[in-house]
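Chemist: One structure, as structure tokens, below. Some questions next.
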Amino acid sequence: MSQRTESYLVGLVGDGVTPSLTPPMHEREGDVQGLRYLYRPIDLLELGLAGDSVGEVLRSARTLGFNGLNITHPCKQLVLQHLDEVSPDARRLGAVNTVVIRDGRFIGHNTDFSGFAAALASGLPGARLDRVVQLGAGGAGSAVAYALLSAGAKTLDLVDMDAERAAARAEELSGFFPDSTVTARTTADLPQLMPLADGLVHCTPVGMAAHPGVPLDLELLESRHWVADIVYRPIDTELVQGARAKGCDVLDGGRMAVGQAADAFRIFTGLDADPERMRSHFLELVAAEEVAA
């Protein structure tokens, strides 16, 4: 008697998601685990849809038998009003990037924060968290800050070009983590902050292929610092290269991308992904992109 192979249909909803590396990462892990796993980008720009159409996309996915969707810009906040249930951490963050469709209900999660937490634990085990400087307090930065504080960061200095945004984020996070100190800072404060810091986390677009450069003066880095970047295209950003040259322990952005994907895979399937196997495949995909370019 033949056994039926478990099958999954999932998608990625957002603007400009067609080139994303997330679908092939998921599909390869599904193949290795003996699943029929199909992951499709649902590019709102290509479809001529606005971000506020995400509710319609969710309902269509349910009708078509999707098991779940990953959600990215510009829909992570917009999707909240269409969900039946939201995990406590996603509710606190006010953003959802993973929706599982179960028994006709939409259940939201946030694997941005859990993906970074997993990356930090695996890529920088034992990193000191007495004081951390974080560059960028936007959407991704909020999730990373939440992960750092959840991991035990005692003092977190949020540095952002938008002082009001940094202040609002610091106040919000202080409410969630009353035993930690969260401060809003500006780039002008970095020369005073870095000598006091154990580590630096970078959460701005600087370093991406379209935004080359470094987000701070590399002379502020010391070999005792650890440095984490969430940019992964390219994987070796100028910050990562500069920090490595200074002798710092370094966490590249690919670790968070893989952590996000592994957590979403588990949410969709109920099966644990192998993060190191997924990272190996991720690095293959990035290398192939760089060769093609």
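Glycine residues also receive a Cβ, built from the backbone N, Cα and C atoms like all the rest.
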Chemist: Among Asp84, Asp112, Asp217, which residue does Swiss-Prot annotate as binding shikimate together with Ser20, Leu21, Thr22, Thr72, Asn97, Tyr232?
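Modeler: Answer per Swiss-Prot: Asp112.
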Chemist: If Swiss-Prot gives Gly136, Ala137, Gly138, Gly139, Ala140, Ile230 as binding NADP(+), which of Gly115, Gly207, Gly247, Gly253 does it give for that site as well?
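Modeler: Answer, per Swiss-Prot (NADP(+) site with Gly136, Ala137, Gly138, Gly139, Ala140, Ile230), from Gly115, Gly207, Gly247, Gly253: Gly253.
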Chemist: Taking the centroid of the Cβ atoms of Ser20, Leu21, Thr22, Thr72, Asn97, Asp112, Tyr232 as the shikimate site, which other residues of that chain lie with their Cβ within 8 Å of it, listed in sequence order?
Modeler: Leu12, Asn70, Ala257, Gln260, Ala261
Chemist: With NADP(+) as the bound species and Gly136, Ala137, Gly138, Gly139, Ala140, Ile230, Gly253 as its recorded binding residues, calculate the greatest Cα-Cα distance and give it in Å as a whole number.
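Modeler: The widest Cα-Cα gap among those binding residues is 16 Å.
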Chemist: Filter the binding-site residues Ser20, Leu21, Thr72, Asn97, Tyr232 down to the ones within 10 angstroms of Gly253 (NADP(+) binding site), Cα to Cα, kept in sequence order.
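Modeler: The binding-site residues close to Gly253 (NADP(+) binding site) (Cα within 10 Å), listed in sequence order, are Tyr232.
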Chemist: Over all shown protein chains, what is the count of other CB atoms within 10 A of the CB belonging to Asp112 (shikimate binding site)?
Modeler: 30
Chemist: Which is it, of Ser20, Thr22, Thr72, Asn97: the one of these binding-site residues whose Cβ has the most other Cβ atoms within 10 Å?
Modeler: Asn97
Chemist: Expressed to the nearest Å, what is the distance separating Lys76 (active site, proton acceptor) and Leu21 (shikimate binding site) at their Cα atoms?
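Modeler: Given the Cα positions, Lys76 (active site, proton acceptor) is 19 Å from Leu21 (shikimate binding site).
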